[in-house]
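The domain 'Myotubularin phosphatase' annotation in TrEMBL covers 4-398. The substrate binding site annotation in TrEMBL covers 169, 170, 236, 237, 238, 239, 240, 241, 242. Among the features that TrEMBL reports, active site, phosphocysteine intermediate is placed at 236. Residues or ranges marked as region 'Disordered' by TrEMBL: 449-484. Residues or ranges marked as compositional bias 'Polar residues' by TrEMBL: 457-466.
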């Protein structure tokens, strides 16, 4: 699967976590959404309990915003607890209910097993729990009721509890990062006044507190899955921003595969790209400068990853060079992975698979460039501290243009900060570039990161035709996160 647009194969991935293989594989069904009519912003294939029939599936989808019904994204191999993601319910001020939605969540609570659910109903006692995590605050969720949306009434679901994570919305994050950009921008970061008041200015941006709340929510989810064996339903408003952040981080804490380079690519493709994070709107690709849909949600997730990596520096196969590389190239446009607002747009409207190159082609081809030399395989869960005393500014990304922050090494040291602006491709039809490039690399061609890939698909000698200079990315970073 490496080096292709199919780095995330939903069937293979759910087989890996034991959902579609083993003694209980009959409990699950794969829904074919390949023409995206069942749920326009969901993946081409997703997993539901087999005991849910088609009419119930349609009813459950109608009860959720944007038809983003609760679907399985991961299952704990230790406890069998399910991590389920969705959008908010359309309960409204009247507290509307959906029998199909309630049945679906009860099935997830019972690990997809209708016999276990029937036995619980016969005995009138439930032994398994459902933990509903609303990434919003209670006030925001209540306000959505006036729009016919809202939050679950836990009393309508068997043995369920509800917790709000109080993570800010896209506007809060955009304003926070704009304030952060003001204190780390090259024009202000090196002034004496900015340096002497840096920590207090950083606190006033609220950015570290937002990071803490996201990480706290992920740890809560991971604890429920692993330590309590409880199924978790995770959502925010539409389920494509805060939901993706918390879902991915919880999975990284519990599943060591997602802490490898390949596994991290699968995770990003699954929970961000396939599940419909709106990269075009959030990153400002081709949208008006003043768009209020811009927000640094994916960058914030990468920041979260950097915080955990600092606490556990030897359990990740990659280091922060990969995180910085991804953060740069959601704006650069050099790769098609982060274009469009959902999988359907990338496939059918933008035709990214035929017209662009996946970013993972480059990452896998130059994996050594992103590999953590301290990595050792550790199959255990990791439990990061969520104390603000253990969190800090992601200096490698935000302060790269501040000479006061750069580590001081001898010239040419491999430990010095070196940015990778990727490759520049000069061809119209890039459909076979990925495999051609990988084959050339396998044949032993000596190619360095940043090399120009020729029209024949074979890497040539390292050179630059047009690459983004640091100032370009600095400007892109500032504008994208200000909405200006």
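Every residue, even glycine, has its Cβ placed from backbone N, Cα and C.
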Cβ density check for residue 242 (substrate binding site), other Cβ within 10 Å (all protein chains) comes to 29
Other than 169, 170, 236, 237, 238, 239, 240, 241, 242, the chain contributes near substrate (Cβ within 8 Å of their centroid) the residues 135, 243
Residue 240 (substrate binding site), Cβ-centred 10 Å count of other Cβ atoms over all protein chains shown, is 27
CB neighbours within 10 A of residue 236 (substrate binding site), counting all protein chains shown, number 26
Of all C-alpha pairs drawn from the substrate-binding set 169, 170, 236, 237, 238, 239, 240, 241, 242, the farthest apart lie at a distance in Å of 12
Among the binding-site residues 169, 238, the one whose Cβ has the most other Cβ atoms within 10 Å is 238
